[in-house]
Every structure is written in C-alpha cells, then in structure tokens.
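Asker: Heads up, here are the entries from Swiss-Prot:
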type	residues	note
ACT_SITE	211	active site
BINDING	55, 56, 57	ATP binding site
BINDING	148	Mg(2+) 1 binding site
BINDING	187	Mg(2+) 2 binding site
BINDING	213, 237, 241, 242, 243, 244, 245	D-ribose 5-phosphate binding site
C-alpha cells in the first residue's frame, strides 16, 4: 500500500491561472509518481509520444507547444538505468529544440550515484559523466532527491536542487509513537544522515554500526557504537539495494538486545535477493521506503510500507517555478 504523506505540505496547490507557463512531462520510469505530482500541481501531464524502434532505439516527440515554457521532466534513472537515462537525455534535447525557456531534469532517483569517485586505477567516475551528459543535452537545472553522495551537486555547473525524503519518513514515524527510539546508521559513512534524522525525531539518541577488518583474509567484525538494549532501533539509509548491509545490521542489533528494528530508506532499489532477505528474515517490524522508484506488486511483502513523496516533489517544483526558497522546506 502506498500512503500519501501530506504533512508538512498541502494536499494540493491552489488552481493555476489558464495562462501559466509551467509544464510537466513524464518519462517511462515512474509514471505513477509523475501523475501524483501533476495532481498536486493541478496540471495535466504534457502529451508526449515515446516509442522504441525495432532495433532498440528510443524516440520522443513533445505533442504541444512549449516555446517559452518552464518545463519539468520527471524521470528517475532506476532499472533499466541505461534506457531510462537515454530517454531522459532525448527528452531534454527535444525540449531544447522546441525552444523551452527553462528545462529542469527531475530525478527522484539519480542512477550511477555510487560511482562518484575512483577507488582503483583506470576507472570511470560515472556520476560525473552522467552530470556532463545531462548538462550537454540542454538541461538548465536539476532537481534530485537524497543523493547517495552529496558532492554530486558539485559535478554540475548549472543550478542543482537537492531535496530530502526525510520529512515524509519522519512524519510517518512520528505517527507511530514509537517508544525508546534510537536512530542507527548502518555504517560510518551514513552518520551525518542518521544524525540529522535523529535530530528531527526530538533529538533521539544515535548509534552506529562499525565494520572493521582485523587483518587481511579475516572476515569483517561488526560492532555497535551506542546503546540499543531494549530500544526500538530505526536503521536509516539513503537506499536499500540487495539489502545485505541493512539485514546484517538488523541481525547485530537484535543480538545486542534491540526490542524492535525498523528500516527506513528513501530509495527502494531492491536488486535480487533483497526481497527474499527483507521478507523472510523476520528481522524487521517494518521496512519503510518511498516511491521514488516504482515497486511492482510481486516485489511487495507484508512488512513493506511505501510512502509517497509526490507532494514534496510537487511543492519543490512549484517553489522553483515561483522563484521561492526550497531550503526552507527542510528547516
């Protein structure tokens, strides 16, 4: 079930005037989310032809005049990431050639974000390459949610709005009135994210799962830094991919005496064997994610809760269009 989190945002905006220049188009990767955003904004999705030729090439044609318009292109670059990325680039190019005044690429999920630096010789920094492609295609601005690496914003020489799914996740957790809460980072790299999350939850205590290898060819040892005994642990991450890290962390928290374990993440990548790990492990009371990436019915399981970020994205798009503050949404 997808729950719409309306707080702290309105359920819909006031009606736009007939002569407004805001246009919203959807790629094929998450049309359901795009429809929700369009309802929040009170506008229809722009008409567009998308098709694939027999040889696999993609084709896009905008079906209305967008000359002088402020155009927003919704396209999370999730699986199949290369097809969805290429479709986004073609959409941007089509809008540029149609004389749009401003083109904003809206990426609720930014694929290739984990390839943000070289970890070995002769590697590509693919997150930077994607930034170059989006810019060169003709985007004037990018709007993305919960980047795996915040420094990706610096890969762009155009305005970049980085928004967070935490208001939606936190609002839902507050509604559950969980007692003895402790926010847990599944690794040292996620401490800043977990700390900010804990602060919004009435300064809840913070714990960290620390991985360290004692010697070469020796398995990693996991330690919990912080007190979780008898507490409700909320594991917070930007994404759940194969679910190995978060299940490993939950298992350790249970061993250390946590009474309940919840998992929270913005992006449900859910690469195999994530569904089997999350649903069959019995480790989690609830796995809470958002709908930045579509989750097919066959990948849903009883412990899964999907929260909608449509209102948050819609409000952000409206504020950008109206040249209002975006950062004030997250204070």
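All positions are counted from 1 along the displayed chain.
Even glycines carry a Cβ here, placed using N, Cα and C.
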Asker: Give the number of CB atoms, excluding that of residue 55 (ATP binding site) itself, located within 10 Å of its CB.
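Answerer: The Cβ of residue 55 (ATP binding site) has 5 Cβ neighbours within 10 Å.
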Asker: Within 10 Å of each Cβ, count the other Cβ atoms and name the one among the binding-site residues 187, 237 with the highest count.
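Answerer: Result of the Cβ crowding comparison: 237.
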Asker: If you measure C-alpha to C-alpha, which of 55, 56, 57 (binding-site residues) come within 10 angstroms of residue 237 (D-ribose 5-phosphate binding site)?
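Answerer: Among 55, 56, 57, not one has a Cα sitting within 10 Å of that of residue 237 (D-ribose 5-phosphate binding site).
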Asker: Where the distance is taken from Cα to Cα, which of the binding-site residues 57, 241, 243, 245 turns out closest to residue 148 (Mg(2+) 1 binding site)?
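Answerer: The smallest Cα gap between residue 148 (Mg(2+) 1 binding site) and any of the binding-site residues is with 241.
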Asker: If you take the centroid of the Cβ atoms of 55, 56, 57, the listed ATP site, which other residues of that chain have their Cβ within 8 Å of it?
Answerer: 52, 53, 54, 58
Asker: Counting all other Cβ atoms within 10 Å across every protein chain shown, which of the binding-site residues 242, 245 scores highest?
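Answerer: For the binding-site residues 242, 245, the Cβ with the most other Cβ atoms within 10 Å is 245.
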Asker: With residue 211 (active site) as the reference Cα, tell me which of the binding-site residues 57, 241, 242, 244, 245 is the closest one.
Answerer: 245
Asker: Looking at the recorded positions 148, 211, which sits with the largest number of other Cβ atoms within 10 Å of its Cβ?
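Answerer: Top count of Cβ atoms within 10 Å goes to 148.
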Asker: With every protein chain in view, what's the tally of Cβ atoms within 10 Å of the Cβ of residue 244 (D-ribose 5-phosphate binding site), excluding that atom itself?
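Answerer: Residue 244 (D-ribose 5-phosphate binding site): 13 neighbouring Cβ atoms within 10 Å.
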Asker: Could you state the whole-number distance in Å separating the C-alpha atoms of residue 57 (ATP binding site) and residue 245 (D-ribose 5-phosphate binding site)?
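Answerer: Distance between the two Cα atoms comes out at 37 Å.
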